[in-house]
Amino acid sequence: MLAKSPLKIVLCSPRGFCAGVVRAIDTVERALALYGAPVYVRHEIVHNKYVVDSLRAKGAIFVEELEEIPDTKAPVVFSAHGVPKSVPEHALSRNFFSIDATCPLVTKVHREAAIHFKRGREILLIGHSHHPEVVGTLGQLPAGAVTLIETAADAEAYQPKDPNNLAFVTQTTLSIDDTAGIVTVLRERFPNISGPHKEDICYATTNRQAAVKKVAPVVDAMIVVGAPNSSNSQRLREVAEREGCKVAVLVQRASDLDWSQFEGIKVLGLTAGASAPEVIVEEIMGAFAERFDLSVETVSAAEENEFFPVPRVLRPDAAE
């Protein structure tokens, strides 16, 4: 039997679930425990197939729009990404028992946008079109009240009605560096533009990207556990590439690994997006352990202790 080649795995810390994702998953599981199946969920509760399939097996039914739900007294949960105002209004018109699992840090962005609108400012939203979080934020205000800025070129081209009456907010899962570049353009062009008191890009996005920045330059390849439609996971892969990692791949499960990409490597970086469970990280490490003689090191960029309680209606004291 041939001896296994040595491989050092460098685990990024923090990685995986953030407080908003834990809250969203707990919301669906608590609703199932309290009210029984089915529990309807508009859109994937978080962007991870393993999580969605696990909840589906417990009795959650996932839909893209409320029109797909029959008249029911079952709970209807809104995903962590947030929804346009029209969605809860529609739910109310059908007498649905709706539960909002929007991440509190996304809700913070919604509130910021509403305050700017109330003050009569033109609002710019830095984000990626069609992402459900962006759709939800745009949908907090009347059509045309918010302009989407996706790139520094968009920021350069934007022509406001009043350059002294502008504000910006951002999607919570963006690239720190890309967003900083866009904000720099906006502040140079419009020195009086109002921004968030605290960065809209969330702590989890920031910390996970910081960990990848520390690890990517010292590894031969980087694996990011996450779904293709997960914005924060895709950003982690991009950060690894920018930091000089020649092989940076996004995978959902160990079965997705293309082993030809890892031939001859000596050091592998491993992280997970904010919606990816640790069990998949362990699964991937197990797959590498079958082929390599592993040693493991953890590199930390931050400590996390954030916690968001589930919506009030699901808390034990709700009936008191």
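Count begins at 1; order follows the chain as displayed.
Glycine is treated like the rest: Cβ placed from N, Cα and C.
Note that this is a predicted model, so its numbers are computed, not measured.
The Cβ of CYS202 ([4Fe-4S] cluster binding site) has CYS18, GLY20, CYS103, LEU105, THR172, THR173 as same-chain neighbours under 8 Å, each 6 or more residues away in sequence. According to its DSSP assignment, CYS202 ([4Fe-4S] cluster binding site) is coil. Residues or ranges marked as [4Fe-4S] cluster binding site by Swiss-Prot on the basis of sequence analysis: CYS18, CYS103, CYS202.
Listed in sequence order, GLY226, ALA227, ASN229, SER230, SER231, SER233, SER275 are the same-chain residues at least 6 apart in sequence whose CB falls under 8 Å from the CB of HIS47 (isopentenyl diphosphate binding site). According to Swiss-Prot, the isopentenyl diphosphate binding site annotation covers HIS47, HIS81, HIS131, SER230, SER231, ASN232, SER275, on the basis of sequence analysis.
The Cβ neighbour count for SER275 (isopentenyl diphosphate binding site), using a 10 Å radius over every protein chain in view, is 31. Sequence annotations record features per position, and here Swiss-Prot assigns (2E)-4-hydroxy-3-methylbut-2-enyl diphosphate binding site to HIS47, HIS81, HIS131, THR172, SER230, SER231, ASN232, SER275 based on sequence analysis.
For HIS47, HIS81, HIS131, SER230, SER231, ASN232, SER275, the entry in Swiss-Prot reads dimethylallyl diphosphate binding site. Within the same chain, residues at least six positions away from ASN232 (isopentenyl diphosphate binding site) with a Cβ under 8 Å of its Cβ are THR173, ALA204, THR205, ARG208, GLY226, GLY273, ALA274, SER275.
GLU133 (active site, proton donor) counts 24 other C-beta atoms within 10 Å of its own C-beta, drawing on all protein chains shown. In the three-state DSSP scheme, GLU133 (active site, proton donor) falls into the helix class. Per Swiss-Prot, active site, proton donor is recorded for GLU133.
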Find, among the binding-site residues listed as THR172, SER230, SER231, the one whose Cβ has the highest number of other Cβ atoms within 10 Å in the structure shown. THR172
Apart from CYS18, CYS103, CYS202, which residues in this chain have a Cβ no more than 8 Å from the mean position of the Cβ atoms of those residues at the [4Fe-4S] cluster site? ALA19, GLY20, VAL21, ALA80, PRO104, LEU105, VAL106, THR172, THR173, TYR203, ALA204, THR205, ALA274
Cα distance (Å, whole number) from GLU133 (active site, proton donor) to HIS81 (isopentenyl diphosphate binding site): 5
Indicate the candidate from CYS18, CYS103 with the smallest number of other Cβ atoms within 10 Å of its Cβ, considering only these binding-site residues. CYS103
Which residue among the binding-site residues HIS81, HIS131 has the fewest other Cβ atoms within 10 Å of its Cβ, if you could check? HIS131
